[in-house]
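Read through the structure below, which is laid out as structure tokens, and then see the notes.
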Amino acid sequence: MGKEPLQVLNALDVAKTQWYHFTAIIIAGMGFFTDAYDLFCISLVTKLLGRIYYHVDAAPKPGTLPPNVAAAVNGVAFCGTLSGQLFFGWLGDKMGRKRVYGMTLMMMVVCSIGSGLSFGHNSQSVMTTLCFFRFWLGFGIGGDYPLSATIMSEYSNKKTRGAFIAAVFAMQGFGILGGGIFSIIVSLAFKTKFDAPPYAVDPIASTVPQADYVWRIIVMAGAFPAALTYYWRTKMPETARYTALVAKNTTQAASDMSKVLHMDIEVEAQQPTQLTPNANAYGLFSKEFLRRHGTHLLGTTTTWFLLDIAFYSQNLFQKDIFSAIGWIPPAATMNAIEEVYRISRAQTLIALCSTVPGYWFTVAFIDKMGRFAIQLMGFFFMTVFMFALAIPYHHWTLKDQHIGFVILYSLTFFFANFGPNATTFVVPAEVFPARFRSTCHGISSASGKLGAMVGAFGFLYLAQNQDKSKTDAGYPPGIGVQNSLLLLGGLNLLGILFTFLVPEAKGKSLEEMSGENEDGTIQELASRA
């Protein structure tokens, strides 16, 4: 009988899909909606920041952020996110998922508002305060990764757990889409009210003073969905798996889940005496942990790292693609607010056609195909399409071939989302013991964010033209776009290999996957009856 699951955990595993599952998806998913909005909205307004704060008189082109400032504004949130993933992932296992969940959300609300209120009228003071608030905004966002995934996995049933966790992550697509749509609305309203000539006609008048409100409104709006969700997060009970397996209170776990599931769950009676530690328990990074889960952790960290290098390198090509197909005309032919509108419209179209559908394909098929198959397929097609872009790269630069390039580019990121971008989020929430689950997800996601920094900034330098006279302003020569694409294809190929370290969790309980049915954790709790 020692290996029988606890009644409360079994009730969760076999529960039919019901309203509380969707409530949990929305509450956890709105955090991810906000995460994506906050992380990606800055790319919509960086050109505007350059025009406002780095204007150079008599220059033929509008002002742009210097490379070091652009890297700081875009990258500081990634640094904060990585730190937050590690810290809040660890804290979620120590204090409980629910208590830490509210902290991350409040931090996101305060720092979104702070980002928009960045004070000062000279470039240095505004950029410094913006970077300060975006670091702490990222810190809060980082906590949302392990906590959202862990909470959703621990609330879910065996049959549809993959789809539920993937649905939380898929809200990221709606966050990117929401950011683009809101930016379109704001920029269109300001463009209509404060019309201005293009930069080429009048460099000074092309950036109206009111343009400074545009970027502030866009970055501050991220506080709104986070604030809406805060109340409902505080009302969610602690997950039964944390309460039973980590806090060792099966009575409370059964009571909480009876209310959530609207059914009577038999409470395993508990001895009032203090228990001695389980002889089979092992610590994080102990020899026993490494024997049981070392390859799993290596698989989840390396695949997420490799995926995010490719995923966040997309910024390399977007400006060229958008310009080539006429979505974004040359900067000098537009005024400042019109440029925000054009960039937002282009990003929204990409999200609508490529990003969002990929996420929801994963939601639809993950519990049918399995995590392993989707991740392997995603990495395979990303490799194929990256090489298809890279090998005949000069062919794609010809004027008549731009549409083909856009199609292949879109397919690459469709299969990133219907593939490893979703599965790398799902799997770490399923394969580790409850007492390490949030920590190990935090480590895995932090590894991914490290890859994001390499993709977003390392490749920004690598992809520069090998001819110094043709590089972007302020950048040294690199290896060129073609060689960068070949390198990215090779990294995706490595992703295929490391996927074989990741176990398949389809149709299995969390305790089966983590080994808690065998390591004495369940037996210890059952013996208290």
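If you go along the chain as it appears here, the first residue is 1 and each next one adds 1.
Yeah, the Cβs are placed from backbone N, Cα and C, and that goes for glycine too.
TrEMBL labels come from automatic prediction, so no person has curated them.
Record features, source TrEMBL:
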DOMAIN    24-507  domain 'Major facilitator superfamily (MFS) profile'
TRANSMEM  20-45  transmembrane segment
TRANSMEM  100-119  transmembrane segment
TRANSMEM  163-190  transmembrane segment
TRANSMEM  213-232  transmembrane segment
TRANSMEM  349-366  transmembrane segment
TRANSMEM  372-391  transmembrane segment
TRANSMEM  403-422  transmembrane segment
TRANSMEM  442-463  transmembrane segment
TRANSMEM  484-503  transmembrane segment
Inset, instruction - Please work out which recorded stretch in 20-45, 163-190, 213-232, 349-366, 403-422 has the most C-beta pairs separated by under 8 angstroms from the transmembrane segment (372-391)? - result: 403-422
Legend entry - Surrounding residues of the transmembrane segment (163-190) on its own chain - C-beta under 8 Å, 6+ positions past either end: 21, 24-25, 28-30, 32-37, 40-41, 44-45, 148-149, 152-153, 155-156, 210-211, 213-214, 217-218, 221-222, 225, 337-338, 340-341, 344-345, 347-348, 351-352, 355-356, 358-360, 362-364, 366-367, 417, 422-423, 425-426, 429-430
Inset, instruction - Calculate the per-residue pLDDT averaged over the domain 'Major facilitator superfamily (MFS) profile' (24-507) and state the result as an integer. - result: 88
